[in-house]
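Just below is one structure, and these are the notes that go with it.
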Amino acid sequence: MAVVDDASLIRESFGLLMPGLDVVAAVATVEELTRRRPVVDAVLLDLHLANLEQPDVRQGIAAIRALTSRGYRVCTYSQEERRFVLAACIAAGASGVVAKALPTGRAERLLIEVASGGTAVPQSVVGILEVLVRRNCITLLSERQRQILYGRARGLSYGQIAKQLFVSESTLRGYWLDLTRSLSDSLRSLTPSEIERALGLAPGDLLELWPEEATDAKDWWRVDTGK
Amino acid sequence: MSGRKGLWRVAGLPTTKAGVERAFSYFIAGVRLGTVAQMVPAVHIGVATSPYGVAYLASWAAAACAAVVVSVVTLVRRRPLGAAGSAADFALACFLLLLGSVLLEPGERLGTWVAYQPAYALSVIITDGGVRSRTLWAGGLLGVIVCYAVYLGGDARGDTTATAIGNVLTFVVYALVVRMFFGFTRRIAHDADASRARAAELARREEERRAQVMMHNGVALMRLLTEPGTDASRSRLIDQAEVELQRMRSYLRGQAPDRDGTTAYGAAGANLTVAFAAMIERVCDRFADLHVDALLDLGADLRLPATQAEALQRALESLLLNVRAHARADTVVVHLDQGTDGSWTLTVRDDGVGFDPASVTAGVGLREVVMGELRRRGLRVEIESAPNEGTTVTISSGSAPAAARATLDASTDAV
């Protein structure tokens, strides 16, 4: 796993605090990581990378896009809690979104899951996805997918949902992985106005948060809150 | 004065066992004194026509005195005669009938008030119909009938036989009817007393439950306040404690907690509605330390009656207090879902230590503040939990069971 975080203490201590992770690269910028091009299962990415020493570096959605376009699986690791920003990260291609506020052990489990090919979608984003499905912004063809999303949106564990659907937990995790990929793809195809309409937001509420295809500037990210 | 007047008013008597027995005493006195009044006009004729005028007068006086004594005794006792009194009453009636066969001429024994003995015997049958002992009652009735037959003796000739049989039937029928009247009225009084006692017990339990509901969250908060914590967490707890304090004050003042204006929605009144999602959000904000994920978009437009919202707020607070105190949960999800038909479901899920519902008795919070209060308002509440698998509480409106179930089968309807 590679770590991209502007705080040197955090990026250097990952290997020590999370022994289950094999950190092969720990860098301060996405640009440096893409230059070194390490072979890793996933990149752990802090969303906010610009500071006085590196004011112009790529961060946020632009950083996610830069990494996913080079074939990396990305898991963000940030203090960001705004649900639409987190949803935007998933829409931009992140496989996981893990909050820095989580206990270390739980964060480590989620990071390993993403590195193993799984996903880590925060509850608030699952809620947004459920609303978009319910309001026909995203179409789910499979009845089973609907059932899984229904359970996950209510916070049920894989074990509980698997028991109710009479499938094994590993099978259900597979379903959930397929579902989150499908939902992320669908989310990416939506425009901010479509999402605003579905969620009952005011026009323009998402304009500055949502990654439209044309917006790839490295400084679009608003850093006035969240860190 | 009015109290003394009220004492004699049958309509004012309580519908208790004691009240019914008192009404019986009025009835008995009325029948017995009424019979004496009917006997009075013919007494002088009886004295004149009887072969033993003095003895006739003495027997008449004995009957009249007995009637008065029975009336007075029942009025004073405030209930009918006991077994001994009734036995003596029946015995006197029988004796007077037997004596009548000697004191009256054969032609005088039927159809006149000179022959007061059968009418007197009937009044005894009617007024002693309420004696508790069935044997005594049946024996007394049988004795009167036998004595009546002796009393008639040779006087029951052809044309009077039918009248005599009719009189015997009158004894029997009245005895049965009056016996039923006494018995059924006593049963009604007994049931009324039992119902009142039950209602009082239910009222006591309801008051106890109200007190438990009102105090529970406050007690839980006070317990949390006694535990060590940061200034920020204590500040949050103190804010919540002030809300609970207002509720408890309202309760102690005897005011309904959701009508006095001291709570979040009290001023809104019973007819107004509350934005449910906003209310949930405010509660979740007060439990910021639990990092609650509040997913409320699907029910953003839902409005509920203020009183129902108040109960739901208390229930949600109680659930989150439980999570804070016992669950040791990493995540808490509060999910609100409204169906197209207006039904709604609120799911509160934590991934904490859980419990075994079969072996753990629910505390006041779950049992009364959540299940009791909400079910009383027509809401459905389901609790699913298992050790180390967290707890899921599903609260839903009663109108759409499909939407209320937290099972995944419901997703077809809901999604």
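Glycine residues also receive a Cβ, built from the backbone N, Cα and C atoms like all the rest.
TrEMBL tags one of the stretches B:23-47, B:273-297 as transmembrane segment, and that stretch is B:23-47. A Cβ distance under 8 Å defines the sequence-distant neighbours of the transmembrane segment (B:135-152), meaning residues of its chain 6+ beyond its ends; these are 83, 86-87, 89-91, 93-95, 97-98, 100-101, 109-110, 117-118, 121, 124-125, 128-129, 160, 164, 167-168, 171-172, 175, 179.
Here the transmembrane segment (B:23-47) has Cβ contacts under 8 Å with residues 8, 10, 13, 53-54, 56-57, 60, 63-64, 67-68, 70-72, 74-75, 77-81, 104, 108, 112-116, 119-120, 123, 126-127, 130, 182, 185 of the same chain, all six or more residues outside its ends.
In the predicted model, residues of the domain 'Histidine kinase/HSP90-like ATPase' (B:309-395) average a pLDDT of 85. Per DSSP, the domain 'Histidine kinase/HSP90-like ATPase' (B:309-395) is made up of 32 helix, 26 strand, 29 coil.
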